[in-house]
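One structure below.
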Amino acid sequence: MVAVEIPTVVLPNSSSQQRVPVVGMGSAPDFTCKKDTKEAIIEAIKQGYRHFDTAAAYGSEQALGEALKEAVDLGLVSRQDLFVTSKLWVTDNHPHLVVSALRKSLRTLQLEYLDLYLIHWPISSQPGKFSFPIEVEDLLPFDVKGVWEAMEECQKLGLTRAIGVSNFSVKKLENLLSVATILPVVNQVEMNLAWQQKKLREFCNANGIVITAFSPLRKGASKGPNEVMENDVLKEIADAHGKSIAQICLRWLYEEGVTFVPKSYDKGRMNQNLQIFNWTLTEEDHNKISQINQNRLINGPTKPQLNDLWDDEI
């Protein structure tokens, strides 16, 4: 199998016009075992993947770190060719804990620096008390200015090449931009054909923020039928192109200028997710896709849900 050359996009807000591969490999926390994770990551590198997405909360940093070290030692890839993202969990989302949280992630990953470090959610909770979902009574005020200054410090220290956020609404991004000296380069959010995030995309484009889509195939929650993968309109479009529905979804994201981190440990599907660069969707395809019923899949990490997490944005 020949490795696929994955296109990259510039992060406009990065200091050195850093580039990120448009497709990454996600690693949300439903791992079967660390061995599977490690083997899948080595396989992904052989196929051409260079962008790997993890988080302190996922429990996957150790396996990812071991796999990347092995891949570098084997000469499959150099560290400079990789783009590694991790995220600050809500228990460390306090100004005095950010730098030490990143240092801990780096130790676990066996890396000297990250390419991108994200604030995982725009909320803070009791330090040291990890639970998921997060109990609402454990929440504390989120000091966005103080936390972002600590994120900026992480970049100045060389612990990460760039900083960004995840799950931020337009309103929360506006608040952040009003206090930021170093601008966020990425906002990683749920985005798929049944949650297209038009308003957020427009805001991010206007402010140099690249969107990374998680759950790009609308997987990741068991709430009845998958409104993307079981969509008749998308099946018709896929059949017309001789592609899978997953490939239609990822091609649409690519054409919208979005980066994305699908999660598959299946060798065939990992490769299929990369076969999206040498064909295009038609204008009619885009029109049909724009009419798909829209609703959010991932409502938030707390129990019960917070009313103001998304600021009622569509």
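Please read every residue number as a count from 1 along the shown chain.
From the backbone N, Cα and C atoms, a Cβ is placed for every residue, glycine too.
Remember, TrEMBL labels are computer predictions, not curated facts.
Look at TrEMBL and you will find 31-293 tagged as domain 'NADP-dependent oxidoreductase'.
Residues or ranges marked as active site, proton donor by TrEMBL: Tyr58. A 10 Å cutoff on Cβ-Cβ distances gives Tyr58 (active site, proton donor) a total of 20 other Cβ atoms nearby, all chains included.
Close to Lys87 (site 'Lowers pKa of active site Tyr') in the fold, though at least 6 residues off in sequence, lie Thr54, Ala55, Ala56, Ala57, Tyr117, Leu118, Ile119, His120, Ser166, Gln188, each with a CB less than 8 Å from its CB. Among the features that TrEMBL reports, site 'Lowers pKa of active site Tyr' is placed at Lys87.
The substrate binding site annotation in TrEMBL covers His120.
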Exercise for the section: Would you count the other C-beta atoms found within 10 angstroms of the C-beta of His120 (substrate binding site) for me? Expected result: 21
